[in-house]
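Colleague: Dumping the structure here so I can ask a few things about it.
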């Protein structure tokens, strides 16, 4: 029987037909043997033709398969030899055993057989060793996606040059939105006559229009102090390469009576949604203004932010009206809360503790229980004397609690006030930030990309000398029943004195007003000086660090111990060394680099204002203020930290350090 008849689908019906035919023949033989004989002959003929048809079908199928196999073999050969896909076989020593003509033509060679991968495509060898499955590499000015089959020692090369060019073109042409804000327009133009104000407006508009025309930017003025700019990613790259020189140009050419206009620019990029672009641009502008203005902030969808500019000391812009409004808003929030928990940053300083005590008085003035969170394991030598003095006042010391106690007493109506920092990673106890919903942030540092989530109230003034100064102003507008005793006023004054280096840095008229208010409340300046005293041992140790100071770029002092003199330094001691260096002649900025423990290298940075050390420290994952900043680096040596520091300084002077 033909082979396909053996399949059940065909076999059973045929068996049934044959059985039926045999029965029919038998019946015919019974009645008429001649008819039976004829039927037998007919059945034999039918079976013969079925067999013959099966044979013909099998021959046709075999012929078709043979033709198809030949065609497939031909296609395979042509694919190997003619298709624009590179194929390469190599041996254990990374020598090429075979390569198709397309791949040879990519290297402008007639054949690659016998050549080493190190000579022809060296960048592929590390991928093979690293067990990478697929990667894009550059060979002879073209881009290839290499697929690696290690078991067969086979490489496929897909030319993706045009695809990458199209992707690059798409990226370059994506829309970018920028909001431009004249930081101090009202301050500069107030008091000017109409003609002078009009001249200044024309000058600013002319500068910005010329800048926009040079780079092909659409620019529209939306108000006296606001502009909107539309550009693309390619233009943004050019602006980044120029370090946004328009900032310096506007500042230099709009000076009036020693006061110049400055720009803040918020840029939204790398998304296709216009709404998201607008949100990113506004968020970037808020960030630039929160950091003191005179700078550009570029915020990307992944949360990363790049900064340009911000090298000048920001002008004092806050007013007593704003302080009064914030104070009243804080009073309302405190009144609606069940209790108040105040928290500063890790390893608190005088400013952090002084400001926390000030907010404690705000809570008490509004008849609410207030508590200050402090970790006994994080009390540094710089505040030990202050804490020791506070312990003499039981009523005040009883308000200090540990992070664990704070977690226990917090509830849904608790208010958390964070002072002297705005970064969740730096607070005394991050669990409180995650647990408590109602949060207020009071800080004087420039705003960074990391920020407390959804605060009810934010009072950030980078123009202030210290957080203690901001809190002192808030105290002045609290209910009259507020009473501040000597130790509380002294703690606030100590915070101001430490952050201003005894009123020598970042000191404005409002700083002296706050100090005067605290002195009137009984602040003891002699006690403050006792807080600031140091031991002979710490003085000698600090001198040892300063002894190995070198000058970099003529006016930058860098102090660090040689690698062969491994020694651990307290963070406060490192900061004091940087302060001491700043008092040297011809030193504009100082950096003290030392190991705090086995894993951590600390860098403290100080400046007189000409050099923005905050930007330099941000490049090293740190932060701070224009004249006072620091960072901590883990897992590196002091010499490696010095190299990274010098690289950040070089980038700063070349036109702006970015993150």
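The backbone N, Cα and C atoms fix where each Cβ goes, glycine too.
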Colleague: In Swiss-Prot, the residues 345, 349 are said to bind Mn(2+) 1. Which of 279, 413, 420 is said to bind at that same site?
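Modeller: Of 279, 413, 420, 420 joins 345, 349 in the Mn(2+) 1 site that Swiss-Prot records.
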Colleague: 420, 444, 499 bind Mn(2+) 2 according to Swiss-Prot; which of 351, 554, 570, 579 goes with them?
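Modeller: Given 420, 444, 499 bind Mn(2+) 2 in Swiss-Prot, the matching entry from 351, 554, 570, 579 is 351.
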Colleague: How would DSSP class residue 499 (Mn(2+) 2 binding site) in three states?
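Modeller: SS state of residue 499 (Mn(2+) 2 binding site) = helix.
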Colleague: Just to be sure I understand the packing, how many Cβ atoms besides its own are within 10 Å of the Cβ of residue 349 (Mn(2+) 1 binding site)?
Modeller: 22
Colleague: Within 10 Å of each Cβ, count the other Cβ atoms, then let me know which of the binding-site residues 351, 420, 499 comes out lowest.
Modeller: 499
Colleague: Among the binding-site residues 345, 444, point out the residue whose Cβ has the most other Cβ atoms within 10 Å, with all shown protein chains included in the count.
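Modeller: The residue with the most neighbouring Cβ atoms within 10 Å is 444.
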Colleague: Hey, for the Mn(2+) 2 site built from 351, 420, 444, 499, who else sits with CB inside 8 A of the CB center?
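Modeller: Not counting the recorded site residues, we get 349, 352, 355, 443, 445, 464, 465, 466, 467, 468, 469, 495.
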Colleague: Three-state secondary structure of residue 345 (Mn(2+) 1 binding site) from DSSP?
Modeller: strand
Colleague: Take the mean position of the Cβ atoms of 345, 349, 420, the recorded Mn(2+) 1 site. Which other residues of that chain put their Cβ within 8 Å of it?
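Modeller: Checked against the 8 Å cutoff, the neighbours are 344, 347, 348, 351, 352, 353, 355, 419, 421, 467.
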